[in-house]
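**Student:** So that we are looking at the same thing, I have put the structure below in structure tokens.
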Amino acid sequence: MIPSDPPATDPREPPRASRREAALIAASVTACVALAVAYAFHPDRAGAPGMLAPLGALYAVLAAVTALWLRRRGELRAALRPLSGDLARGALVAAVLYGMAMAVQLALAPRGSPREAWLLRLYLHLGDPLADARVFTGAIVFVVAALEELVWRGLVMRALEGPFGQVTAWLLSSALFAAAHLPTLFLLGDPLAGPNPLLVAAGFGCSIVWGRVVHRTGRLPPALFAHAFFSWAIVSFPIWRP
């Protein structure tokens with residue numbers, strides 16, 4: 001009797017995504033999100049109550065796809081398993097990022113600088129910072145940000161880890177998250193200050209941090225809370241005020 005060869009992979013570990021599957025997932029998510037971002041941040045929808053609705057609807061669908069993908073791989077429970085301290089850890093990371101955002105704003109777009117218009121256009125697009133509706137907007141942003149994290153770290157980054165490895169997938173998924181916000185370069189741009197790089201730069205920098213949190217903990221909840229709290233704080237407690 002000829003002995004069978006040992007399995008090529010550990011059966012206890014989820015199967016690695018193929019290069020084709022990873023590319024399809026990453027490209028599809030990036031393209032769909034870029035289209036939704038372009039719609040949400042079009043000047044015609046500035047200040048509109050439902051401007052984030054299409055983006056939220058898209059992420060709800062993508063989050064469901066992510067959950068099914070993780071379940072099929074046997075990773076859903078482990079990836080979303082909550083532990084005590086997740087909320088506090090996420091809030092701490094969000095607070096650090098918020099402080100860094102304030103420091104970058106002071107250095108990049110100080111009061112009186114033409115580049116201050118970048119922040120002005122971003123916040124005015126979200127609505128009057130002093131309006132009562134900003135509370136509702138902040139709540140929507142919190143939910144959308146949590147779904148974003150589930151999709152980009154739970155689906156895109158994990159899929160890319162199969163063919164490219166952990167580090168490359170971490171950097172590539174962060175770059176793709178930033179690329180999905182490229183429409184805001186022009187939609188939120190200013191005639192004097194030029195194209196608006198804020199969401200693109202913040203998307204890449206923050207994704208590096210959130211991806212690292214996922215790698216350190218091996219789970220998604222701490223990064224979900226960090227992303228959601230940071231986005232909520234940026235909207236509810238603007239780093240720029242008139």
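A Cβ is built for glycine as well, from the same backbone N, Cα and C atoms used for every other residue.
According to TrEMBL, the domain 'CAAX prenyl protease 2/Lysostaphin resistance protein A-like' annotation covers 136-232. The transmembrane segment feature in TrEMBL is assigned to 22-42, 48-70, 91-113, 133-155, 167-188, 194-211, 223-240.
Each of the listed features needs to be described in terms of its position in the shown structure.
**Tutor:** Sequence-remote contacts of a segment are chain residues at least 6 beyond its ends whose Cβ falls under 8 Å from one of its Cβ atoms, and for the transmembrane segment (22-42) they are 51-52, 54-55, 58-59, 62, 125, 151-152, 155-156, 159-160, 162-164, 172-173, 176, 179-184, 187-188.
Within its own chain, the transmembrane segment (91-113) has Cβ neighbours under 8 Å at 119, 202, 206, 209-210, 213, 222-223, 225-230, 233-234, 237, 239-240, counting only residues six or more beyond its boundaries.
Counting only same-chain residues 6+ beyond the ends of the transmembrane segment (133-155), those with a CB under 8 A from a CB of the stretch are 25, 29, 49, 52, 55-56, 59-60, 62-63, 65-67, 69-70, 79, 126-127, 173, 176-177, 207, 210-211, 214, 220, 223-232, 234-236.
Residues of the same chain lying 6 or more positions beyond the ends of the transmembrane segment (194-211) and with a Cβ under 8 Å from any Cβ of it are 93, 97, 101, 118-119, 121-122, 149, 152-153, 157, 170-171, 173-175, 177-182, 184-188, 223, 226-227, 230.
Beyond its flanks by at least six residues, the transmembrane segment (223-240) meets 86-87, 89-91, 93-95, 97-98, 101-102, 105, 109, 116, 119-120, 123, 126, 129, 134-135, 137-139, 141-146, 148-150, 153, 206, 209-211, 213-214, 217 of its own chain at Cβ-Cβ distances under 8 Å.
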**Student:** With Cβ-Cβ distances below 8 Å as the criterion, list the same-chain residues six or more beyond the ends of the transmembrane segment (167-188) that contact it, or say none.
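**Tutor:** Sequence-distant neighbours of the transmembrane segment (167-188): 26, 29-30, 33-34, 37-38, 41-43, 118, 121-122, 125, 148, 152-153, 156-161, 195-201, 203-204, 207-208, 211-212, 215.
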